[in-house]
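A.B. asks: Before I ask anything, here is the structure I am working with.
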Amino acid sequence: MAGGAMTDTDGAHKNYPGKMTIFVFLACLVASSGGLIFGYDIGISGGVTSMDSFLIKFFPSVYAKEKEMVETNQYCKFDSELLTLFTSSLYLAALIASLFASVITRKFGRRITMLGGGVIFLVGAILNGAAADVAMLIIGRILLGIGVGFSNQAVPLYLSEMAPARMRGMLNISFQLMITVGILAANLINYFTDKIAGGWGWRVSLGLAAVPAVIMAGGSLFLPDTPNSLLSRGKENEARAMLRRIRGTDDVGPEYDDLVAASEASKAIENPWRTLLERRYRPQLVMSVLIPTLQQLTGINVVMFYAPVLFKTIGFGGTASLMSAVITGLVNMFATFVSIATVDRLGRRKLLLQGGVQMIFAQFILGTLIAVKFGTAGVANISRGYAIVVVLCICVFVSAFAWSWGPLGWLVPSEIFPLEIRSAAQSVVVVFNMAFTFIIAQIFLMMLCHLKFGLFYFFGAMELIMTGFVFFFLPETKGIPIEEMDRIWGKHWYWRRFVGAGAGGKVEITSTV
């Protein structure tokens, strides 16, 4: 298989010389700041849409409907296509932008893509903070989406290529950790800006998105590019020097040879999109489609960017709903550290399976709690004790996602693709992630209105399906060098029919023409 490496017939993977260096740690820390812009937007959008001053200015019909329905159906009071378009337009823009980002990443490197994403996101943040009408608001959201699309396409690849194999999981998950930090920061900012007299706090919330954008863009100016990217652009001497620097040793011959072989195979590919559709890459194609799709079908982004609206819907006051969102943001961030500490020791499959089971139970219990209190009529006065139980249940769900499908939904796809299809395949990951984020964001409030408490059962059923998918179809990838990843498919009971059983034994490096 193109981009493969020599592996022993017993399937033991190579252990390249090298160590974790301060240089790699700092580079990955700076690159992972790309997650801040994504996380900040997830957290900020739901908060401002629960602020009365924001609704009065841009969505007066939603505000009027909210006030009219205090004693009626709580499920439907925020159902507005225009309001959901404000939230979801970003993800549609990110979807389209990621396709263009693939070309930029391949031709100019991961660093340039991250820099461009940060600058475009910065412009969008300024427009949103200064918005005078809905059109200006949506245009700003679209620019934010382009920035997110560029960032999400390049950052996971950068982290996976810079990290040594035995620590790839931990370093790659720093991207998801930064997403959770962004969400928490946004929730805290919303809580305090909602208290600003004069009704302009939402401008501060939206405008402060410029801060993570500046961090990402500024940091990208000082980042080195990865050896993989340098080789694919014909910079052999720079690539070898960079590999020595990031591994902290001069003994990089075996790893460098494998990278060169992968690069030669990559250069032989004229159209990586067409190559991705070839039968031998069927496992990677399926994973690049289903993992991001299933990640969004957990319902996590519904909880995170609609958390204040959701809490308000089930009876919390405005300030209480924002504080509840802060609590879930804290849980989200701290639970991510569990994944960082265990992913390279326990492996990807165990975390995904255990997290899936926990999410299933949490969703069904949450649906039952809301069903008992609100029924199908959506009318109830929720007590403080009952509200606490609901928040605890949501926290159980969020924590499960944060140490499983949250970080691993980005990690696993970024580490399984050979170099010749890596940029294109990562764009597919981002496209499907953003597509289903857009779809769910656009229809969530309508689904809540029509399915009522059944919406949580729907997401629970999706989590049952995805847990089964991991159990049967996802092989373990921990500790395997990124350019040797092809061998796991040849040893898998199902995928070996596409790549050939020989891929699990000794694999000769070949190029595709």
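Glycine too: its Cβ is placed from the backbone N, Cα and C atoms.
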A.B. asks: Does the record in Swiss-Prot have VAL252 and LEU419 facing the same side of the membrane?
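C.D. replies: Checking Swiss-Prot: the two residues are co-localised relative to the membrane.
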A.B. asks: Over the span of the topological domain 'Extracellular' (39-81), how high is the average pLDDT in this prediction?
C.D. replies: 75
A.B. asks: Checking distant contacts: for the transmembrane segment (348-368), what same-chain residues at least six beyond its ends satisfy Cβ-Cβ under 8 A?
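C.D. replies: Residues 169, 298-299, 339, 342, 390, 393-394, 396-397, 399-401, 403-405, 408, 411-412, 453-457, 459-460, 463-464, 466-467, 470-471, 474-478.
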A.B. asks: Run the contact check on the transmembrane segment (18-38) against the transmembrane segment (140-160): 3 or more C-beta pairs under 8 Å, excluding pairs closer than 6 in sequence.
C.D. replies: yes
A.B. asks: How about the transmembrane segment (117-137) and the transmembrane segment (202-222): at least 3 CB pairs under 8 Å, pairs 6 or more apart in sequence, or not?
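C.D. replies: Yes, the stretches contact each other.
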A.B. asks: Considering pairs 6 or more residues apart, do the transmembrane segment (426-446) and the transmembrane segment (82-102) have at least three CB pairs under 8 Å?
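C.D. replies: Taking Cβ pairs at least 6 residues apart, the transmembrane segment (82-102) and the transmembrane segment (426-446) are in contact, with 3 or more under 8 Å.
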A.B. asks: If you run through the topological domain 'Extracellular' (188-201) with DSSP, how many residues end up as helix, strand and coil?
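C.D. replies: The composition, in the requested order, is 7 helix, 0 strand, 7 coil.
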A.B. asks: The transmembrane segment (321-341) and the transmembrane segment (167-187): do they have three or more Cβ pairs under 8 Å, with pairs 6 or more apart in sequence?
C.D. replies: yes
